[in-house]
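One structure is given here, and the rest of the page talks about it.
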């Protein structure tokens, strides 16, 4: 007897057959996406917080140079997400992009493990904090070996960030009310997987790197990456795979911009219904996306002005005449840019918690109990641990509670969630400045301004730094998920991976801006400070990191007010949700 099954529009299984809701995708299958991302973060989270110690203590870079090497690596990883997302959306698909990226990251981690294990590939051991030591900086072929491994990790990590979140979201049908809510939960659980992987990385792997050797630490990261790849591949028979078809979505966006310029002298019709759009009952319009016209960015509407009626859509030159839906998608992408730009400064603040805050911790008392000492690089475990508890509470209790009052499936809007995070990031930098003043006062009052970090710890607990990490952790929870879900839900169908990369690109530009800002601040203050710059040298007790933190706090606050102005002008994308009473699309199996 024939069985009626529900198919998922625009998705296929691994053999190219239409995806079925009873066999493919859904919340339970998304676990096979979340677990690999947890393992990837387990492999790389420790790098983002502890590599500065590796570059400084093992490869003998100065603190400022080590910070710049780390932020350049992180920035490159995030900026590469754009190119890889474009390939995933347009040519190779999100599943293949994730698989190749995971393999490259595994290979890069293996190379870092080899270099950390063999002494011939590293400079001779030396205490760079000892003023009498002359430490040899990594050079020659060893530098090349290090950067090849490092940037293979950057490429792989960037590729996973570009394709994996969108592939996970592809397991849900946005037009199904039930799955639409599940997709919102997916993004919350996505952050939880980041936190779980990060928790292991920040505690166990950082401890191994610090106490058992960098080779063992990198080796564990390599194994974690391999396990993540295996789990991801294991879900192939059950995935809903996005179908790449039709014109290039990014090209269609550019066509609107070109056509609007070419038609700039034409007069817009008073009735927007006179603008060009294909018929919904036309064969060319089957499974096409349709968006209603909106009265914003009217200049782009000139791309849809018809000089004469169109009888055959295939005869249209897309660089001179575009559909209304095309124009609306171009408006959406253009509208995302101000929001995107307002999140860059927050990533610059994050870069400081992964660089200078870690070096602050190196100078402080890391003792927990007895002979056990907490590695400074493990400090972010405090906000991560808090988020592991808070995310389920937020998703299962707070969101349903807020939904009753707001009527919004996600509890509060994406832009409101992002705004909360931006405010908290400014507060976090202010707290960091206050804590740094307290740390320096302890050093001065105990005549330890020239104490050697790691050998002569200041009599102040490293846990004082947890305040700034705690505040920023909450900020991250709001902004991180808010941006991912916002960009994915607002993007055109063919640009989902590319849109989620707005988050990673924002982080990339934030890291690069951190590098520029550090160099600019040192250059601007070298003649007015005894340390030859606020951030110059290896002595954290004699530079002025506190002033740098205040600068970032003020910049973040100004950025928030700019963000408020941008959000008041933004109009959300129209969402077409199928009513729960509507019969789903079925087929005889």
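The backbone N, Cα and C atoms fix where each Cβ goes, glycine too.
No curator has checked TrEMBL annotations; they are predicted automatically.
TrEMBL lists transmembrane segment for one of the ranges 310-330, 415-435, namely 415-435. Feature transmembrane segment, per TrEMBL, maps to range 332-353 of the set 288-309, 332-353.
Stretch with the most C-beta contacts under 8 angstroms to the transmembrane segment (500-521), considering only 75-92, 99-118, 143-164: 75-92. Here the transmembrane segment (373-394) has long-range neighbours at 46, 49-50, 53, 188-189, 191-192, 195-196, 198-199, 202-203, 206-207, 209-211, 353, 357-362, 364, 366-367, 462, 465-466, 469-474, 476-477, meaning same-chain residues at least 6 beyond its ends whose C-beta is under 8 angstroms from one of its own. Sequence-distant contacts of the transmembrane segment (185-206) (same chain, at least 6 residues past either end, Cβ-Cβ under 8 Å): 27, 30, 34-35, 37-46, 49-50, 165, 168-169, 171-172, 217, 220-221, 224, 375, 377-378, 380-381, 384-385, 387-388, 391-392, 394-395, 399, 477, 480-481, 484-485, 488.
When Cβ distances are compared across the two stretches, the transmembrane segment (75-92) makes contact with the transmembrane segment (143-164), since 3 or more pairs at least 6 residues apart fall below 8 angstroms.
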